[in-house]
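Asks: Here it is: the structure, laid out below.
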Amino acid sequence: MNVLVLNAGSSSLKFQIIATDLERIQRDSDERLCHGYVERIGGEAIITVEPRGGPRKKVTAPVRNIAAALDYVLRWLASDQSGVAEIRSLSDVHAVGHRVVHGGEVFRESAVITDEVLQGIEDCIDLAPLHNPNNIKGILAARDAFGSGMPQVAVFDTAFHTSLPDHAYLYAMPYHLYARHRIRRYGFHGTSNRYVAYRYRTLRQLTREQTNIITLHLGNGCSATAIRNGRSMDTSMGMTPLEGLVMGTRSGDLDPAILSLIATKEGLSPTEVEALLNTQCGLLGISGVTNDMKVLLQELREHDDRRIRLAIEIFCYRARKYIGALLACMGGADAVIFTGGIGENAPEIRARICAGLEWAGLEIDSDQNAQTMGRPQQISKPESRLQAWVIPTDEELLIARDTVRCILGEPHPA
C-alpha cells in the first residue's frame with residue numbers, strides 16, 4: 001500500500017510516500033519512496049522534492065494555498081521526472097495519512113476521517129487555533145484531489161498523552177473552568193514520543209510494559225515526556241505547545257502574571273502578547289540573533305557573545321531541570337532519549353544537558369556522543385545506571401503505519 005503522508009502548516013506542506021502493509025510493518029521493512037516539502041505558500045513558493053535514491057530537486061513557483069501546493073506535488077509524482085517508479089498516476093496512491101496536532105479529549109488514537117471525525121477536529125480549533133485549521137485544509141485538499149472515496153486517516157499529536165492521570169493534566173484552577181472549557185494539559189509531540197519509545201524497546205528487546213524512559217524532543221519546538229510502562233504519564237507541554245522547555249521562539253514556562261505586565265507596559269493586546277511568547281521568545285529572544293541552535297553554537301565558538309552563551313545555558317538548564325522533575329515523578333527511569341533536530345544533531349547540547357546528572361547514574365561517553373549521526377546510539381557509559389540514547393524520530397513512518405492499521409481495522413500495537 002502506497003501511503004501519502006501529509007503535514008500541512010500555515011505556509012508549508014511536508015509530504016512523503018511510504019510503501020507499507022501489515023507484513024512490512026511486522027518485518028520493519030517499510031519503504032520510503034520519496035519525500036519533500038513546499039515552503040512559503042501564499043507567494044513564490046520553494047518546492048523541494050527527493051525520490052528514493054535520486055537527486056534532490058528544488059524549484060520555485062507561485063503557490064497560492066495548501067490545495068495548490070498538493071496539486072503541484074501530485075502532478076510531480078505522476079510525471080516521468082519524479083523518478084518514483086511506483087507512482088505513475090493518482091490511482092497508485094492508496095491512502096492518505098495526516099498529522100493533526102490536536103484531538104482534544106475525544107480522539108485517543110488515530111481515526112479514519114469521516115464527516116464526524118472532521119467535525120471533531122474542527123471542534124478542537126479553539127485548543128489549537130494555529131494548527132488545526134491548516135490540518136483541516138490539508139484534509140480537504142486531499143479529498144478534492146483524490147475524491148471522497150480515498151481513505152484518509154488522522155494521526156493526532158495529543159493522542160499518546162491521553163493516558164495522563166488527572167493529577168498530571170489538571171491545572172490548580174477552579175474546577176469549573178476545566179468542566180466548561182476543557183482547560184487542561186494535553187501535551188504534544190505524541191507521535192514522535194510513540195515512535196521513539198517503540199524504537200527503544202525494539203532495540204532493547206523489551207515489552208511495552210518494560211519501557212520506562214524520559215524523552216527529550218528538542219527542535220524548534222521542545223518537550224520532555226515521562227513514559228512509564230510504555231505510556232505517557234507526564235509531559236512538559238500543556239494546553240498549548242507554549243508551556244515547558246525553552247524553545248526556538250517560544251518562552252516555555254513563565255509566571256502567568258508576566259502576561260498582564262507585558263500587556264500594560266508594552267501596550268499590547270492579549271493576542272499580541274500570546275504572539276510575542278510564541279514567536280519572539282526562547283533562543284531568539286534571549287540571544288537576539290536567531291532561533292537556530294546550530295548557528296548559535298557556531299557564533300559562540302567564534303565570538304563568545306554573552307547573550308548567546310546565556311541562551312544556550314538557559315536552554316540546557318531548563319531541560320536538565322525537567323529531567324530531574326520527571327525522574328522524581330516516575331520513581332526513576334532506565335534511559336533518557338534525545339530526538340528532534342537539536343536532540344539528534346547537537347552533541348554539545350546533549351553533553352551540557354546531561355552534565356550534573358551523575359547523581360542519577362547518568363554518565364556520558366564523550367566518544368559515543370560525538371560519533372552519533374543519523375542512527376540510534378547509546379551515548380552513556382556502559383556502567384551508567386541511567387542510560388542516555390539518541391534515537392532519530394520518524395513520525396511519518398508511524399503515520400503511514402497507523403493509516404494502514406486504521407483502514408484495515410487492525411488494533412494499534414501495544
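Cβ atoms here come from the backbone N, Cα and C positions, even for glycine.
From Swiss-Prot, here are the annotated features:
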type     : residues                                                        : note
ACT_SITE : D157                                                            : active site, proton donor/acceptor
BINDING  : N7, E395                                                        : Mg(2+) binding site
BINDING  : K14, H217, L218, G219, N220, G221, G341, I342, G343, E344, N345 : ATP binding site
BINDING  : R99                                                             : substrate binding site
SITE     : H189                                                            : site 'Transition state stabilizer'
SITE     : R250                                                            : site 'Transition state stabilizer'
Asks: Of the recorded positions N7, D157, R250, E395, which sits closest to N345 (ATP binding site) by Cα distance?
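Replies: Going through N7, D157, R250, E395 one by one, the closest to N345 (ATP binding site) is E395.
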Asks: Within 10 Å of the Cβ of N220 (ATP binding site), how many other Cβ atoms can you find? Include all protein chains, please.
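Replies: Summing over all protein chains shown, N220 (ATP binding site) has 17 other Cβ atoms within 10 Å.
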Asks: Around D157 (active site, proton donor/acceptor), which of the listed recorded positions (R99, H189, N220, R250, G341) come within 10 Å, judging by Cα atoms?
Replies: R99, H189
Asks: Please classify the secondary structure at R250 (site 'Transition state stabilizer') using three-state DSSP.
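Replies: Note: R250 (site 'Transition state stabilizer') is coil by DSSP, not helix or strand.
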Asks: Just to be sure I understand the packing, how many Cβ atoms besides its own are within 10 Å of the Cβ of N345 (ATP binding site)?
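Replies: By my count, 19.
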Asks: Within 10 Å of N7 (Mg(2+) binding site) (Cα-Cα), which of the binding-site residues K14, R99, L218, N220, G341, G343?
Replies: K14, R99
Asks: Measure from the Cα of K14 (ATP binding site) to the Cα of every one of the recorded positions H189, R250, E395, then give the nearest.
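Replies: With Cα distances computed to K14 (ATP binding site), the winner among H189, R250, E395 is E395.
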Asks: For L218 (ATP binding site), list the number of other Cβ atoms lying within 10 Å of its Cβ atom.
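Replies: L218 (ATP binding site): 29 neighbouring Cβ atoms within 10 Å.
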Asks: For K14, R99, H189, R250, listed as recorded positions, tell me which one has the smallest number of other Cβ atoms within 10 Å.
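Replies: It is K14 that, of the recorded positions K14, R99, H189, R250, has the fewest other Cβ atoms within 10 Å.
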Asks: Nearest to E395 (Mg(2+) binding site) by Cα distance: which of the binding-site residues R99, N220, G341, G343 is it?
Replies: R99
Asks: Near the Cβ of E395 (Mg(2+) binding site), how many other Cβ atoms are there if near means within 10 Å?
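Replies: So the number of other Cβ atoms within 10 Å of E395 (Mg(2+) binding site) is 23.
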